[in-house]
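S.K.: Pasting the relevant annotations from Swiss-Prot:
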type: BINDING; residues: LYS128, TRP131, ALA133, LYS135, ARG192, LYS193, TRP194, PHE195, GLU202, ARG204, ARG218, ASP257, ASP271, ASN273; note: ATP binding site
type: BINDING; residues: ASP271, ASN273; note: Mg(2+) binding site
Amino acid sequence: MNTDYTPLVNVPIKREDIETCRFSNWYPLFKKHCPTAEIIGPLPAEFIEYLEQDGIKIPNENRSFYSEDLTINDDNEYSDWDNEDDDEEEDKVIQQEVKKEIDPLADFPELHRQIKDVITKYGAVAPKMNWSAPKDATWILPNNTMKCNEINEVYLLLNASNYIAHDLQHAFDECEDIEDQKKSSDFELVLRKWFDINPALEFRIFIKDNEILGISQRDLNYYDYLEPLVDKFRDLIEDFIDDEILDRFPLKSFVIDLYIPRPFNKVFLIDINPFARMTDPLMFSWSELLTKNEPVTPIGQEEDYEFRLIKENNVGRFACKEHSENQVPTDIVEASLNPEAIRELTQKWKELLSKQSMEEDSSSDSNEE
């Protein structure tokens with residue numbers, strides 16, 4: 001049996017291309033088309049270590065939802081009860097671990113103050129780093145969004161996000177200029193003024209050599225009112241890219257995220273991403289985008305690219321929340337904020353395993369009889 005296989009198409013990318021897509025490099029060019037934001041950087045090394053460490057130490061801020069029930073004992077540990085009766089050996093281990101943790105108030109107080117000032121200025125913010133936003137970590141906040149009303153929510157989101165970890169550790173892994181991969185990079189924290197986005201009205205546009213390869217709905221759920229608006233969206237997107245982006249952005253190949261809110265008379269620039277496999281192709285595949293049989297038509301002329309929308313209600317899709325693969329039980333989240341809770345969770349886990357083992361042994365004995 002003969003089977004045709006589509007060869008994996010290489011997507012060459014250089015470090016310079018990825019750096020060009022850094023928020024601080026394109027935001028000044030298109031500021032009037034973007035949500036209001038402030039950039040803090042370069043970030044101190046202690047802050048990067050803080051985000052990379054296992055677990056996170058939450059500052060005991062006044063009026064903070066995340067520390068109001070915690071008290072500081074003589075060992076400077078956060079706990080909701082005294083540990084006088086705890087095992088001394090375990091206490092010594094925990095104390096050593098706590099001392100190793102980075103404390104924002106002690107290790108980067110100036111950055112801590114800057115973040116608080118921006119939150120006070122805007123009321124609420126949505127954080128991101130050089131390239132990525134912690135969309136995969138919204139499960140850790142009570143509102144299940146990236147809306148941060150206080151500084152501890154910023155810390156929790158960034159620390160829990162795999163996307164942020166990728167920015168810090170693997171941003172240049174796909175670069176073909178291998179030597180440049182080893183160069184260090186300055187990191188920055190972006191705090192966007194919070195505004196509500198209707199996820200149905202955000203679109204991802206793939207551009208290669210200044211030509212549109214395809215447009216994809218950003219949120220992969222079905223919205224029945226989108227399809228009748230496709231022609232309007234297409235015109236707005238093409239005009240915006242042709243008039244505002246192509247002549248000002250230095251790269252010819254990139255991926256851009258745009259938001260078109262009602263009444264559909266303005267386009268917001270949300271993000272610019274590298275034209276590389278690290279960027280999610282959403283309703284396309286990278287091989288599909290790169291192996292089109294016919295050349296695409298320049299922007300402004302009759303289009304021959306696809307504008308892809310979810311065409312029908314997918315019950316299975318709605319049952320699976322976006323980024324659910326990154327979510328964990330709330331017990332684990334709470335335990336990560338408190339060494340005492342970690343001990344309690346571990347003990348419960350051991351008890352469950354012991355109970356399961358006893359039940360299996362009992363079942364085995366019954367079968368033998």
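Just so it is clear, glycine is given a Cβ too, placed from its N, Cα and C backbone atoms.
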S.K.: Within the chain of ASN273 (Mg(2+) binding site), which residues six or more apart in sequence place their C-beta under 8 angstroms from its C-beta?
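M.R.: Within the chain, ASN273 (Mg(2+) binding site) has Cβ neighbours under 8 Å at CYS21, TRP131, PHE254, VAL255, ILE256, ASP257, THR279.
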S.K.: Once the DSSP letters are reduced so that anything not helix or strand counts as coil, what is ASP271 (ATP binding site)?
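M.R.: Where ASP271 (ATP binding site) sits, the three-state DSSP reduction gives strand.
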S.K.: When you measure from the Cβ of ARG192 (ATP binding site), which residues in the chain that are at least 6 apart have a Cβ under 8 Å away?
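M.R.: Expected: PRO35, THR36, ALA37, VAL125, ALA126, PRO127, LYS128.
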S.K.: Give me the count of other Cβ atoms within 10 A of the Cβ belonging to ASP271 (ATP binding site).
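M.R.: Taking every protein chain into account, the count is 20.
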S.K.: Can you tell me how spread out the ATP site is, meaning the largest CA to CA distance among LYS128, TRP131, ALA133, LYS135, ARG192, LYS193, TRP194, PHE195, GLU202, ARG204, ARG218, ASP257, ASP271, ASN273, in Å?
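M.R.: In whole numbers, the farthest two Cα atoms are 22 Å apart.
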S.K.: Here are some binding-site residues: LYS128, ARG218. Which one has the most Cβ atoms within 10 Å of its Cβ?
M.R.: LYS128
S.K.: List every residue in the same chain as GLU202 (ATP binding site), at least 6 positions away in sequence, whose Cβ is under 8 Å from its Cβ.
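M.R.: Once residues fewer than 6 apart are set aside, GLU202 (ATP binding site) is near ARG218, ASP219, ASP257, LEU258, TYR259, ILE270.
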